[in-house]
Amino acid sequence: MDSALQRVIFFGNEFPSDDLKDLFRRLYQHSKDRRFRLLSAFLEESTTVLKDEIAKLPWPLKELVPPFNSVLDLADVDFRQGPLGAAMESSMLTILELGMFIGHYQAEDVEWDLIPERTLLAGLSIGILAAAAVALSSSLADVSKNGAEAVRVSFRLGIYVADISSKLETPQSDGTLKSWAHVVTEMTQASVQDELNQFNTDTHSPELTKVFISAADKTSVSVSGPPSRVKAAFQHSPILRYSKSLPLPVYDGLCHASHLYTRSDIDAIINCAESVIKPDRSVRLALLSSQTGKPFVAKAASELFLEIGTELLTGTIYLDNVTAGIIEHFKLQSEAATKCRIDSFRTSLVLRGIHSAVEAHFAEEQQQFIRCDLVCWVHKDFGPRQPRSHASSKLAIVGMACRLPGGANDLDLFWKLLEDGRDTLTTVPVDRFDLNTHYDPTGKTENATQTPYGNFIDRPGYFDAGFFNMSPREAEQTDPMQRLALVTAYEAMEMAGVVPGRTPSTHPSRIGTFYGQASDDWRELNASQNISTYAVPGGERAFANGRINYFFKFSGPSFNLDTACSSGLAAVQAACSALWAGEIDTAIAGGLNVITDPDNYCGLGNAHFLSKTGQCKVWDKDADGYCRADGIGSVVIKRLEDAEADNDNILAVVLGACTNHSAEAISITHPHAGAQKANYRQVLHQAGVNPIDVSYIELHGTGTQAGDAVESESVSDIFAPVTPRRRPDQRLHLGAVKSNIGHGEAAAGIASLLKALLVYQKNMIPMHIGIKSEINPTIPKDLERRNVGLAMQNTPWPRVEGKKRLAVVNSFGAHGGNTTLLLEDAPEMVKAQNPEDRITHSVLLSAKSKKSLQANMESLLSYLDQHPETNLADLAYTTSSRRMHHNMRFGTAVSCIPALQKALRSQLDNTNFASEVRPIPNEAPSVVLAFTGQGAYYSGMGRELFSEFPYFRSQVQQLDQLAQRLGFPSVVPVIDGSIEDSSKSTILTQLSVVILEIALARFWSLLGVSISAVIGHSLGEYAALAVAGVISAADAIYLVGRRARLVEERCTLGSHSMLSVRASEDAIQQMLASGPDTAAIEYEVSCCNTNQDTVIGGLKDEINDIRKALEAKSIKCTLLDVPYAFHTAQMDPILDDLEAFAAHVPFNAPSIPVLSPLLATAIFDVKSLNANYLRRAARETVDFAAAIEAAQDMGLVDSKTVWIDVGPHPICAGLVRGMIPSVSVVSSCRRNEDSIATICKSLVTLHLAGLTPCWAEFFKPRECEYSLLHLPKYRWNETNYWIPYIGTWTLDKAHLKHGTKPMTPFSLSMSRPSALRTSLIHQITAETIESTTATLHTISDMQHPDFLEAIQGHTMNKCGVATSSIWSDMAFTVGEYLYRLLMPNVKDVHMNLTDVEVLHAQVASKTRGSIQPLVLQAHLDLSTNSMCLSWFNADGETGECAAESFATATVRFEDPAAWKKEWARLAHLVRGRIEALEQRAVEGKASRLSKPLAYALFKNVVDYADRYRGMDSVVLDELEAMAEVTLVPERHGTWHTPPHWIDSVSHLAGLVMNGSDASNTRDYFFVTPGCDSFRLLNKLEPGAQYRSYVRMFPLLEDPNMHGGDVYILQGEEIVGMVGMIRFRRVPRLLMDRFFSPPTTTSVVGPAPPVVSAATKTHGITQSVPEISAPSPSIVVSDSTANNTLTDKLPVPVPRLASSSESSTPKESPIATPPESESAEPLGNTVSQCLRLMARETGLEVEALTGDASFVQLGVDSLMSLVLSEKFRAELGVEIKSSLFLECPTIGEMTAWIEEYC
């Protein structure tokens, strides 16, 4: 630091005025550079801190924060709104300022130069926290660490302030931001304070919610308070009303409020700083107080944070003092320093004032003042960026599952197989293929296998289709690999306790799937025998992962990898890489292989891969190749820190994973020792591990001569070198699972990994059984001397205390790839003692079928019988919080294992179990909170909740602090039970009840309960109004306390009483009136609880007389234990004051309906909620019964509604049941019962009723004490879905000779005589011209030669389809024509064609000589400079126009100068992207397409005529492309702008969507329904050259739609643009439906051959062809031209059918139309439809019950299209496919058919 320099660093409380997203983006980019290591460290630490703090939030708040990998990701989120606004804004400001501060130093590459004597830190509000991080630092590295803790404090401060403030005034339910502070200028602090004092006095404002001064200086005063009260204060005071004032951007609550916060609040926020910053750490730099203008006196960190917290929460800001403090600093150093510098983050109004004052003070002195902006550096370019580092997290494998040969259908069976040394070798099962015909050991039979051996999984076709929402037909067509990938993924997640969304690492958007697969046997063989609707999604590899992501709603990446034999382990390595890269937080990975195709056997055998003698003989001298094997395996992987935070069971830790390639091998299939060794070194370096420390290696070990020799060499050289030698205690054990279960090919690597994980679990290396004779002589001879060898017997592998065992897993691919994983032991988890203080525990089981639920219950019962030591708390945690819950449910709350066993046996022994079990409703029932009154009070209510749950405790404490600040006593001793009896105090009694109820309501929300309505009984109505947002929590406490105090002061204790009577009001009146002694007794009805429960009140003696009289008539009466008669005349003395107090309380519209016992109705708005309402509620009858009846009448509640009694004891529960006997009511607390047990029982009831409680929050307080149990896996309700390979056609195809017959091209008429106006506008039928408007109607004939030629230049499905450029030319033609009529002197007309929407495609009829008219209607209005257009079809004979248009658009007449200005700003960006594409093409990273190739790709959907083919070359990179365009010189007609020119410059977007490999063009085609705008700066020129550029992207609002902007350039300038052109994805199955000529029916393909009788396999009908080759199929299309292309199109999920025909065999070889009359009477239409649905879906008719939903049956949008076509074709029943959405269940569908068909 310059010795002559004094320095002040100012940390403001406002963001810089720059684009914040850009600042954070630049900060992030710089953090990747090696130059900015400390900046990166700070951002990473801040990310960790924020994730840690967010994880501690209650889930409703946690859900508001999107998943983020870095705090900078949050810069794109609008963090200034919502409940987290204050926290996010505070923390992000702290991050920005400290990030800029650190980056400034590193950008300038200067050392820490802050000299304490010459450096002063200053700041305002949150800025002081950032400054504190610097004040405590002696180096820049310290700032990085301390800064993260400043971020933590900032976040906590924001959370705390927002929470407290929300209790003072309820935030707006619509998200509207209201300021909590206004600044007043030109008034003194004293005069403003006088006005505020007057307002607070006049309005009886409570101290807690008073309006106050939070900041002041000479020129301004800041006034703060709840927004409504601040507004009221300015309206109340004429002086303030007419003062100069502005609202400040303070939207989240109050700081600087000494009346609101105390030391306990400050401690709650700042005590976190001690977690990293030592409390005794010295303060290094002076930090100025914004209140006193003097440096804080603190000497240590803890004192400093305490002072800062006190100032932020309770201190007033005095800017003049800040300025004076800065001047004083400069004055003290003025003699030694001649330069004064103020560093800041941009400037602000406050900072400019400080600058001016300081410079003015030193104006006469010879000092140089410098201003330094700490933000400027971020905009600099520091040259090429050097990557900082790779991620260094360890990874944890937390779950696994398998289906492996030899019956190893779970991990226990797999281990048993290994432990017993079993060999799973068999011959090929008959369900795969017939060895009698396909096996020839001589090799003479073409396409036959020379080996009969393999290793196969049991029951590969068995699958629970219903669980995965698949129809039997879809399940049958789906590859067993895909099915078992789903199953094992679920089982692995079940073992891992993964519940998507439970923790940040398991958020669905952060979970990805990675599977290895190297064959397509099912698709190529079994399913190809009869290709059906689900052939593609059931057989294509990508759908294996896609199904997992789609079913579980994971939106992370899904990759299906093929690296031959190493695919499975390579998929795991890819998953690890994604985790290390931060792309995901959880990965599900595995390998898949199910063998069915004899072709692959033949191919591998002919290539000499396979052994002809049997199993893989790993390291045996007779090794002669590998033996094929099935295998399915899945693992779940997380980063280690996430797994530990999630309380997972860690099976092993991944230290490193690498893949390379044997590029130098002698042949592509030959292994290479050098490459293998290089891969080992890489993975060891990655982990920093000594190879000598590795003690177990699971070899690739295939049992081939070359493979075994090379791997043994590479392993021994690296892991057991000659020198340094391994010590005797460093034995390297080797194993090879292929000797047991064969070579699983794509699943081989995952099988090896599963074995290694089991070795870790079992602490034993199983025996190697691969050496059948003697060891292979090619293996190094000195292995024993090197202390390495195969484990020839089961060998213990104990874990040594203080050390971690290291293991390596190898998997090599036949193509040359090598993958290696390095593993170590899981961390030793020491669980905290679990004292099981909770006396009741929830145990939950669920399934998707009754059979599975029963089996799950039986397996749990069996587990408990075998493990009687099972900890009930762990079992509850596992089954409740760590399981996905399904619609068939069992649940119970028990206190011991025997009770659970009894409950399970009771259910299982019930013979009516199957009929009594019902699935939960598809829609969760509504929930009503019922708040009890004072009568439920007792000491210790909620004691256990207060002790156990920090969230509940914090809510009670915060509400209690509000009560104390309002002058009322603390209620905590009542709630936690530390005082025994305080019922004599009405204030304490009523406040404790209301505070308890508000806290309970918030606790229920934390537990995942979504509230539909509230109702309060008497005192409980205050809590209900607070929870509904009508009044704030602070106001509820204030009013209840005031009301109670008035009662104590104005009402006589014990003079009145209340009596509960078991009779109606009328019955009581009649009985009393009939008695001579009771007729004159006066009483009042206080409460009508039910129709037979009434509470009356009055004078004590008279109530006693009434009780005696009624009891004499056998009427049950109960005298209530209350000191006053509420809701009677005894309350009259308090009413006026109560209303006066309530008059100053703001009332809001309820956020949820309020059921009013006063008004006997439901309240939805604020009109009837006011001070008078509370007055009446205190005095008038509580008509609880009428309120419930009204809610029933209004449909707000019904018999399915769940009611939660919120209060100390369930009083309202009985009242609700009295009104709705069948209703479900649960309690929050119960007298003489543990409140946690009560909540637990209630949660179980809610769970069984169909709600989804947040079990994670229920177990969260003690989660670290619980263990995740390894319980029996889900029991599947399986059916065998297997398509057997029939015949010998894989052999026969070697002898088949195929011929082809070319299709005859369609001939076009090219004549185009025209005497009409233009080629597209043929006749004007109406024209109206007025002064400023014009209307025009035209008619055109699409069969006219010019028009027809334009259409035929753009053909789809061999049909001419009108391109959008046709409508563009027509619009421009009519637009210029009308505009010039109204503005004849205009020189040029520039038009913007906007809002183009084409609802129906226009397809040219193939009937020549006919008329195909269309009408164009246009209306131009000069007042808006726009013209509306509509296109209509018309009748060919009458010319009558259709009622609805098929297309609309608007032409806007605009100034092209604005276009030029807009495009000038964009031109360099577009050119940059074009240059980047060109460079990528040069590098081979993008595809350069010639004109022929580009239009050949286009023919995938569209065939363009030559005139339309203007693109000379294209560079295509996924969804981004550019094209060089030359327009044809001929206009070919009369146009405004020829359509073929428009298409040439714009149809690049269509090529991207229909030709890019980024689009699924095999299953779909893409059509454009329109665009937002189309502009051309100048008219297109014949023969001119242009360039087009586009980047398409998926639209968030519609997953089936893409959009993008097409830029048209001439030279370097943009001369045109198609804005937001949209393309909709449409299944190719529907090509005929949407693009067929209006008058034709086409039959494609020959008739199918005659087939033999159908065979049936497990209920699925199969066609058996008479010849062994697959049969061709027939497609019949009968579609009209006008087919919807826009949002009304029911686009199916990605599935494609080769034919819409059923797989059911037909007796006739030709297609015949449906008969005119059904074979059955019309009354049987429903049964016919049901049978057809059963046939097409593969379900039994009995399964189509009335309550079965189409989603559950697997009827998706594609199947609904197929069914609607079948209904029409076979039954003559016209049903739209959308009806399956409108009638979502079988019952609704059949009712519709009965009604309308």
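Counting starts with 1 at the first residue shown.
A Cβ is built for glycine as well, from the same backbone N, Cα and C atoms used for every other residue.
Swiss-Prot annotations:
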REGION    17-256  region 'N-terminal acylcarrier protein transacylase domain (SAT)'
DOMAIN    392-825  domain 'Ketosynthase family 3 (KS3)'
ACT_SITE  CYS565  active site, for beta-ketoacyl synthase activity
ACT_SITE  HIS700  active site, for beta-ketoacyl synthase activity
ACT_SITE  HIS743  active site, for beta-ketoacyl synthase activity
REGION    931-1251  region 'Malonyl-CoA:ACP transacylase (MAT) domain'
REGION    1318-1637  region 'Product template (PT) domain'
REGION    1322-1458  region 'N-terminal hotdog fold'
DOMAIN    1322-1632  domain 'PKS/mFAS DH'
ACT_SITE  HIS1354  active site, proton acceptor
REGION    1482-1632  region 'C-terminal hotdog fold'
ACT_SITE  ASP1543  active site, proton donor
REGION    1663-1723  region 'Disordered'
COMPBIAS  1663-1686  compositional bias 'Polar residues'
COMPBIAS  1698-1709  compositional bias 'Low complexity'
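Projection of Swiss-Prot feature records onto the structure.
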| residue | record | Cβ within 10 Å |
| --- | --- | --- |
| CYS565 | active site, for beta-ketoacyl synthase activity | 30 |
| HIS700 | active site, for beta-ketoacyl synthase activity | 30 |
| HIS743 | active site, for beta-ketoacyl synthase activity | 31 |
| HIS1354 | active site, proton acceptor | 25 |
| ASP1543 | active site, proton donor | 27 |
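Geometry remark: HIS700 (active site, for beta-ketoacyl synthase activity) versus HIS743 (active site, for beta-ketoacyl synthase activity), CA distance 9 Å. For the residue listed as 'active site, proton donor' paired with HIS1354 (active site, proton acceptor), the C-alpha to C-alpha distance reads 10 Å. Looking at HIS743 (active site, for beta-ketoacyl synthase activity) and the residue listed as 'active site, proton acceptor', their Cα atoms lie 53 Å from each other. Each residue in the region 'N-terminal acylcarrier protein transacylase domain (SAT)' (17-256) has a pLDDT score, and their mean in this model is 91. The CA atom of HIS1354 (active site, proton acceptor) is located 47 Å away from the CA atom of CYS565 (active site, for beta-ketoacyl synthase activity).
In the three-state DSSP reading, CYS565 (active site, for beta-ketoacyl synthase activity) counts as helix. Annotation note: HIS743 (active site, for beta-ketoacyl synthase activity) sits in a strand segment as assigned by DSSP.
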